[in-house]
Amino acid sequence: MYSAAAATVAAPPRRDFISVTLSPEEAVGAGGYNNSKAWRRRSCWRKWKQLSRLQRSVILFLFAFLAVCGVVSYTSMGEPWKSLINKSLDDQRTEPGIPGLKLANPAVLPAPQKADANLGDYPELSQQKLPKPPHVRRGPSNLQIKPPRRDVRLKTRHGTSRVVEEPVQADKEDKTEKSVISWRGAVIEPDQSTEPPSSKIKEPEKPSSVEDADQKEPVAINERQMAVIEAFRHAWKGYKDFAWGHDELKPLSKSYSEWFGLGLTLVDALDTMWILGLKEEFEEARKWVANDLVFDKNVDVNLFESTIRILGGLLSTYHLSGDSLFLEKAKEIGNRLMPAFKTPSKIPYSDVNIGRGTAHPPRWTSDSTVAEVTSIQLEFRELSRLSGDEKFQKAVDEVMKHVHTLSGKNDGLVPMFINTNSGQFTHLGVYTLGARADSYYEYLLKQWIQGGKKENELLEDYMRAIEGVKKHLLKRSQPKKLTFVGELAHGHFSAKMDHLVCFLPGTLALGAHNGLTADHMKLAEALIETCYQMYAQVETGLSPEIVHFNLHAQKGHKDVEIKPADRHNLLRPETVESLFYMYRFTGDKKYQDWGWEILQNFNKYTRVPTGGYTSINNVQNPSNPEPRDKMESFFLGETLKYMFLLFSDDIDLINLDKYVFNTEAHPLPIWAPA
């Protein structure tokens with residue numbers, strides 16, 4: 001027993017593990033773990049084979065499902081991500097607002113040259129040779145105007161500080177263009193993109209002020225321009241003394257008349273003062289706009305007149321000065337005019353109560369005039385671009401698209417009236433380029449130019465209408481064979497021509513300048529001669545409101561005949577407007593000379609000594625032209641502005657490749673380079 005126990009105790013302890021030592025080469029050779037890709041693949045495969053068939057099927061199904069979800073997610077999210085990336089890039093090189101549109105011109109013009117503050121009375125100007133003014137800054141430099149959301153960079157050139165803008169970098173993406181438009185010899189290539197300007201507005205336009213590498217030395221103000229400045233100051237004196245803050249001056253009675261109660265003359269003249277360099281007058285007017293221009297009032301305004309004069313004037317002044325005050329006022333009046341479009345046909349009513357937010361047609365009819373509903377587009381489209389709100393452009397674009405589709409036209413010529421309920425033309429068979437239809441044709445071309453020459457329907461309607469004018473309304477008078485535009489009523493031609501029609505030579509010249517057929521310029525040259533003769537053949541050298549032309553030679557008769565009811569003159573701008581375009585595009589000095597004659601006759605027969613100018617009742621009586629005691633707002637807003645531009649040799653003073661004038665002579669930017 002002891003021996004066995006002793007033997008048991010003496011035995012070495014039992015070990016329940018073994019130790020094996022292998023060299024690295026032996027381990028690899030034996031197929032051990034070495035973290036290689038091949039070893040991992042074999043290990044995964046063994047694990048996979050150990051799974052049941054059901055488990056493997058479930059895993060394969062999950063992988064397939066995730067793959068399908070990935071494809072669907074990529075498809076749905078790819079475009080938004082791409083748009084987001086493109087948008088961030090476009091923000092650096094395009095003008096926000098209407099997508100794809102690039103602002104071709106500076107949002108802030110170089111301020112106009114300062115006028116001589118000590119200029120004498122007008123009669124002394126014709127005898128005085130004015131010294132060439134030094135290189136001065138145009139416009140009111142001391143107003144401390146700060147453009148909204150704008151980084152202004154000042155550039156010093158020849159010691160003068162000026163606010164200028166760098167050219168916007170053009171979009172360099174290759175785009176497929178539509179076929180060129182060909183119309184009776186005119187070949188027009190769409191600019192850059194073939195898509196029409198979109199009415200979708202994603203964010204407000206933010207104008208920028210940067211350097212313009214091609215900025216030129218400003219041209220000095222000349223003697224004739226000084227005469228225009230003196231005329232403006234004389235008119236402004238009368239308005240300031242007797243009608244300040246009211247719509248229109250009555251210079252003879254030294255009082256005023258109200259139409260809308262919105263300071264119509266003052267707002268209409270804002271950009272004229274800026275262009276003429278009248279800084280003190282501009283500053284005074286700006287203060288009135290800031291403190292006293294109130295739209296929240298119970299008053300009916302005409303949609304067309306308030307759009308072209310007030311909205312157009314505010315937008316133009318904003319672009320010229322960069323002062324956000326004018327943009328904010330433009331947004332307010334624009335919103336208050338929108339109820340006019342709440343009609344069954346979307347053709348707007350003629351009148352809006354801007355305080356109550358209601359609109360209605362005239363008391364005697366449910367019609368609006370065609371010119372009124374189709375000549376508000378430049379302003380509302382620009383308001384959308386600046387504000388980022390698409391509703392303004394959408395409303396006026398719908399009107400143009402609707403009119404484009406209507407029947408009742410005669411080779412592109414439209415009737416004068418359109419019904420706001422049915423949306424159809426009324427009073428069919430009467431066609432004119434005068435009152436109630438004139439600016440329809442003007443805005444067809446100008447909208448096409450404003451939008452970068454991309455909206456082909458507008459161009460087609462314009463070209464067709466000019467062909468209609470040639471076919472139905474164009475005749476020659478006797479004895480001088482003056483080319484004129486008459487009227488057509490139910491197939492009967494009338495040799496009647498409104499002074500309003502004298503917008504046409506300038507519009508034709510503008511179209512030719514923008515690439516339309518050359519015979520438009522030839523027609524413009526013939527028609528501007530006629531418009532000048534409407535002044536030259538009259539005793540006072542001033543045109544009546546309406547003339548009738550002699551179609552047959554009669555001894556002792558001139559080309560122009562004037563009826564007693566038509567012999568008034570309202571200080572209208574249309575002939576001077578066309579003279580400006582003709583001189584700007586041809587350089588022919590005779591157009592400046594004709595304009596100078598007209599200005600001298602305005603001074604001779606319509607100037608009121610105590611301040612202001614007046615319309616007259618009788619252009620055929622130099623000894624007593626019968627003053628009417630009213631100075632229309634467009635005399636300051638249009639007539640004198642076009643006079644000043646006509647006498648200027650500076651093509652960059654409102655460059656017509658960068659700006660388009662609305663029908664009240666307020667320049668608005670062209671959205672893409674021409």
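The backbone N, Cα and C atoms fix where each Cβ goes, glycine too.
Annotation in TrEMBL places Cys502 in a disulphide bond whose other cysteine, of Cys69, Cys531, is Cys531. Cα-Cα distance from Thr663 (Ca(2+) binding site) to Glu574 (active site): 10 Å (rounded to the nearest whole number). Considering only the active-site residues Glu305, Asp438, Glu545, Glu574, Cys531 (disulfide bond) has Glu574 as its nearest partner by CA-CA distance. Cβ neighbours of Glu545 (active site, proton donor) (same chain, under 8 Å, six or more residues apart in sequence): Asp498, His499, Asp566, Arg567, His568, Asn569, Leu570, Arg572. Of all the active-site residues listed here (Glu305, Asp438, Glu574), it is Glu305 whose C-beta has the fewest other C-beta atoms within 10 angstroms. Taking CA atoms as the reference points, Glu574 (active site) and Asp438 (active site) are 11 Å apart. Here Glu305 (active site, proton donor) is positioned 14 angstrom away from Asp438 (active site), judged by their C-alpha atoms. Listed in sequence order, the residues of the same chain lying 6 or more apart from Cys502 (disulfide bond) and placing their CB within less than 8 Å of its CB are Leu527, Ile528, Cys531, Met534, Ser543, Glu574, Thr575, Glu577, Ser578.
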